Amino acid sequence: MQVVILADGAAVADYGAKVFKQQIAQKPNSVLGLATGSTPLALYKRLIAAYQAAELSFAQVKTFNLDEYLGLAPEHPQSYRAFMQQHLFAHIDINPEHTYVPLGAAADPWQACMDYEQLILNVGGIDLQLLGLGRNGHIGFNEPTSSLQSRTRIKTLTAQTITDNARFFKAGEYQPHLSITMGIGTILEAKKIMLLATGSAKAPAVQALVEGPLSAVCPASALQLHPQAIVVVDEAAASALQHQAFYRHVAKETAALYQRSQRQP
Ligand SMILES: N[C@@H]1[C@@H](O)[C@H](O)[C@@H](COP(=O)(O)O)O[C@@H]1O
């Protein structure tokens, strides 16, 4: 696992955008796994700006979102489909039919989970999976004690996740306690994974996922099993890491190596 420590949230978003631009440049028909929450917002803004500057095109791209609230129709303002439409899809040249979000309002949500897995298989899997990080170490809506081999399925949200996500709902508005989420096994099948985390509130979860034991209690620790996972954090989210000097040294050595060999990371 590669750990990149940057000054602040803007630098994290810049780095994330660079990785996405490189991915699409190398493979214009990339299959991208996307995340919601506040962390990816600055990254999505940069991707929109790059598209508007004709630096990249999403015309051949397909996207799969990690999760969706169970029971919210796609047009509900608090659905993740609506979130993605508002913060990315409406502003780029992606074919709406190539954007996939779990069907939270499906009549048969269990079937919708199996169909989602099949859709990912049909396109040849995900090339680059973006992840945020819940304060309790969740990825997508894989809450602590999620099986590390789990597939897309219905998951119950923890009280902490419900509290953390309440900020997106109006007072008194119905906030789902259930979700459909890609499983950890599903996420680990992505060819590349990039997790972004910023702010001191994420520091304990970052330390657990990078330096803690491989454990279902910290679902994000499953990234320790992935051959191409990169964790991009700001100083605040890195503050609990015990081996920061080493991660900074690795980043410097890696950059120098690519420089000498004139290769793109
Ligand atoms: N299902 C989402 C996750 O995918 C996201 O990573 C997490 C953290 O969100 P934020 O980036 O706002 O801290 O929130 C939700 O639980």
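We count from 1, first residue shown onward.
Heads up, the Cβ atoms here are built off N, Cα and C, so glycines get one too.
So that you can see what the record holds, here are the features copied from TrEMBL:
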type     : residues : note
ACT_SITE : D67      : active site, proton acceptor
ACT_SITE : N136     : active site, for ring-opening step
ACT_SITE : H138     : active site, proton acceptor
ACT_SITE : E143     : active site, for ring-opening step
DOMAIN   : 10-224   : domain 'Glucosamine/galactosamine-6-phosphate isomerase'
SITE     : S146     : site 'Part of the allosteric site'
SITE     : R153     : site 'Part of the allosteric site'
SITE     : K155     : site 'Part of the allosteric site'
SITE     : T156     : site 'Part of the allosteric site'
Alpha-carbon distance [E143 (active site, for ring-opening step); D67 (active site, proton acceptor)] in Å: 12
For the recorded positions D67, N136, E143, R153, K155, T156, which residues place their CB under 6 A from an atom of ligand 1? D67
Of the recorded positions E143, S146, R153, which one has its Cα closest to the Cα of N136 (active site, for ring-opening step)? E143
Protein Cβ atoms within 10 Å of R153 (site 'Part of the allosteric site'), excluding its own: 22
What is the number of other Cβ atoms found within 10 Å of the Cβ of S146 (site 'Part of the allosteric site')? 23
Just checking the recorded sites S146, R153, K155, T156: which sit within 10 A of H138 (active site, proton acceptor), CA to CA? S146
Could you measure between K155 (site 'Part of the allosteric site') and E143 (active site, for ring-opening step) for me? Cα positions, answer in whole angstrom. 8
If you count the C-beta atoms lying within 10 Å of each candidate's C-beta, which of the recorded positions H138, K155 ends up with the smallest number? K155
From the Cα of E143 (active site, for ring-opening step) across to the Cα of T156 (site 'Part of the allosteric site'), what is the distance in angstrom? 8
